[in-house]
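Here the structure is laid out as structure tokens; the discussion comes afterwards.
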Amino acid sequence: MAGSAAPAPGALLCALLWAAAAAAGGGPGGSPAPAAFGRVYRGAVNISAERVYAFAYRSEPGQVDAVRVYVNSSSENLRYPVLFVVRQQKGVLSWQVPLIFRGLYQRTYNYQEVSRTLCPSEPTPETRPSDQIIFVDVASMAPFNIAYELLVTRLENFQLETNKAFNFTASPSQPQYFLYKFPQDVDSVIINVVSDAAYPCSVVSVQDIVCPVYDLDHNVEFNGVYQSMTKQAAITVQRKDFPGEQFFVVFVIKPEDYACGGSVPSSIHGNANRTWNLQRTKNLQVTIVPSIKKSVYVQAMFFSFLSFLSFYLGSLVVAFVHYIRVQRKASAGRLSPEHGSGIITSSHPISASTPEGSSYGAIDESSSSGGCQMSSPERRPPAGSDTDSSVEEESDFDTMPEIESDKNIIRTKVFLYLSDLSRKDRRIVSKKYKIYFWNIITIAVFYALPVIQLVITYQTVVNVTGNQDICYYNFLCAHPLGVLSAFNNILSNVGHMMLGFLFLLIVLRRDILHRRAMEMKDIYTLDYGIPKHFGLFYAMGIALMMEGVLSACYHVCPNYSNFQFDTSFMYMIAGLCMLKLYQTRHPDINASAYSAYASFAVVICLAVLGVVFGKNDMWFWVVFSIIHVLASLALSTQIYYMGRFKMDGPDSDLGIFRRAVMVLYTDFIQQCSRPMYMDRMVLLIVGNLVNWSFAIFGLVYRPRDFASYILGIFICNLLLYLAFYIIMKLRSSEKLLPIPMFCIVSTAVVWAAALYFFFQNLSSWEETPAESREKNRPCILLGFFDDHDVWHFLSAAALFFSFLVLLTLDDDLDTVRRDKIPVF
């Protein structure tokens, strides 16, 4: 007929095939039988009879067609399974019925119903429709007939749409996968999958458009990105990772639930070689939503840096106001030795301030703190001079036996004043505390470098293998950048580093002002106020910065094995704060840097052992609780006797037991109505009760998060000591100036807000990755940061204010003589 188009070669081939199949009678003996989509075919096969079905369909231009094959066999004979082979234009897919899955301990599970989606044909650039042919071969090596059913259908909803939920059902033998194409204006999407039931355990995988598609339990991990799932899963996918701008979303149901935290069914315990036809279906809903745009990344970074730069601006304002006030007081002739104001008095510390009968032995004025504290200005070296001589590394008092006896007399007085415990040469003590600063820098470098290397390896493994069960992110708010999977969790730690550096600048300014004041009025600076030793403050600033670095490292790939990276410097921060608070009124008897860091090393070692053995081993908790209680008692004894309770010297061996009995008799029996050091006794009793309560709690409940358990012990002891210090300060009629009062209020408010977000658990490495994802929640700040990121922001500010409290708490004493400042 004139004007009619010639038939396509594919159409001619299809027509010839159908004609040949019809002429041969169709089906048995290996010849293909024409078959129709949507029709159920029933038959039987054996070793001498197999069936071949041919399905032909027409594919429209630019369209992706997917075909699903459903087969069923009532036979449970594993020796003679029914074999199904599907041949397509570019691939072959085969399986057997019963389909066998293997679980733990070689348990096997068989399924008689199997359905698989065939790898769809790729859309061709042709403008005309193309014809496709699928052959399904059914065979068996059984010497007898085995019945089967076959159903082949074309999928209508194979392609997922953006922002549109799609519901479906899957099982271990009936996996599902669907196609998604990136819209033109979308560079990144989040695949959200939810289910009402936690079990059966399932796996969500994202794979490139290649055949074959890995959609069974034993091979789903071979390709792409995947994560296990109970009730919720989320995977962020970027356009740049898929050159074809499209991908498959694969859903696989596992034959057992142990990978998701479930247990093996009780009915098959002890029956490792039996097979079970379990019905494990799961209803799922998948929704693909666009992720954030690049502009949101820029906004989040600006927000993070500008928020903490505002603290720098506030500090500059405070420093400027302080400078103006100092200049006005200087012009009025009322400037104090350093930066306060007041009239310098010269009353004697013991005769004027010490109650009658308050001292041990006959302490006259010549041996009192005021007389022994320092020599005349002419005999003292210049204030600004420092020397590296090794002779000055030890105090003059420590090298003289008679002064050792003087220590025992002074430090065991009932009423102590700061002048009694600040007798050592200032330069030597200052150098002693500077060791804290240099040691923590060394520790930080040697600790951080292996940590950084390890987390880079973790991230590389995640990116190469695609296993997203390695890291415990909040997948509903995990925004990747470059090779990092959760950049927002790393960016939110910038506050610790910026505020730690700001605190170092503030301490440096105070240090410089103090040095200038000493150069101008050496004797007054040394006689008044709390002794200014800044080494511990510098160490605290470095620790705050390192907490930000190591927290960022932990959040590169948060998991059970590297959580101690996030907590190690938290222990140091809490310990350094307690040491600084104690050093304030006990400058001569505070712990050395070496013993302090050695103690922190022991704590971190215990934390690692707790991570390894603290889950179920009762022996570990018994040993740890004994160590905890004994350490509390030993530290309490040292604090109560101001470091004069010795286990060596003439009281060693059997003499130490005699002395211990005498101490118990003198302080607890002879004076049972009132301890000799009442305030210290109250603090230590409460402190020991708190620590013993922690020890009992650990023995009874054995918390899995051992690192947080130890951190809780440190924080509770720090808060207890700080509260005691402030109460005793107010009891001694000392004042709280506006700046420390503002810092105390800010600390309390910000810590309260920070802890609220901290307890919003968004993930938990104490559980399986699938169970942890049930806690995942969307972003709450700028569409970029989640609750834990807000915790990072607020905790950095709270730690900064806490440090300022310790730095400014005793500014009111700058004009008070040390022989008037009580020790508690």
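Just so it is clear, glycine is given a Cβ too, placed from its N, Cα and C backbone atoms.
Predicted automatically and left uncurated, TrEMBL annotations should be read as such.
If you check TrEMBL, you get these features:
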type	residues	note
SIGNAL	1-23	signal peptide
TRANSMEM	300-324	transmembrane segment
COMPBIAS	343-357	compositional bias 'Polar residues'
COMPBIAS	366-376	compositional bias 'Low complexity'
COMPBIAS	389-398	compositional bias 'Acidic residues'
TRANSMEM	436-456	transmembrane segment
TRANSMEM	490-508	transmembrane segment
TRANSMEM	536-557	transmembrane segment
TRANSMEM	563-582	transmembrane segment
TRANSMEM	594-613	transmembrane segment
TRANSMEM	619-641	transmembrane segment
TRANSMEM	681-700	transmembrane segment
TRANSMEM	706-727	transmembrane segment
TRANSMEM	739-759	transmembrane segment
TRANSMEM	790-809	transmembrane segment
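Outside the transmembrane segment (536-557), and at least 6 residues removed from its termini, the chain residues within Cβ reach (under 8 Å) are 433-434, 436-437, 439-441, 444, 447-448, 451-452, 455-456, 458-459, 462, 470-471, 484-486, 489-490, 493-497, 499-501, 503-504, 507, 563, 565-566, 568-570, 572-573, 576-577, 579-580, 583, 792, 796, 799-800, 803, 806-807. Under 8 Å from some Cβ of the transmembrane segment (790-809) lie the Cβ atoms of residues 304, 307-308, 311, 489, 492-493, 495-496, 498-500, 502-503, 506-507, 510, 537, 540-541, 544, 547-548, 551, 573, 577, 580-581, 584, 722, 725-726, 729, 736-737, 739-740, 743-744, 746-747, 750-751, 753-754, 757-758, 760, 780-781, all in the same chain and six or more residues away from its ends. Taking residue pairs at least 6 apart in sequence, the transmembrane segment (490-508) and the transmembrane segment (300-324) share three or more C-beta contacts under 8 angstroms. In terms of C-beta pairs under 8 Å, the stretch of 563-582, 594-613, 681-700 lying closest in packing to the transmembrane segment (706-727) is 563-582. Three or more CB pairs closer than 8 A are found between the transmembrane segment (563-582) and the transmembrane segment (594-613), so contact between the two stretches is assigned (pairs 6 or more residues apart). Relative to the transmembrane segment (619-641), the listed stretch 681-700 leads the set 490-508, 594-613, 681-700 in CB pairs under 8 A. Sequence-remote contacts of a segment are chain residues at least 6 beyond its ends whose Cβ falls under 8 Å from one of its Cβ atoms, and for the transmembrane segment (490-508) they are 300-301, 304-305, 307-309, 311-312, 315, 484, 534, 537-538, 540-549, 551-552, 555-556, 785, 788-790, 792-793, 795-797, 799-800, 803-804, 807.
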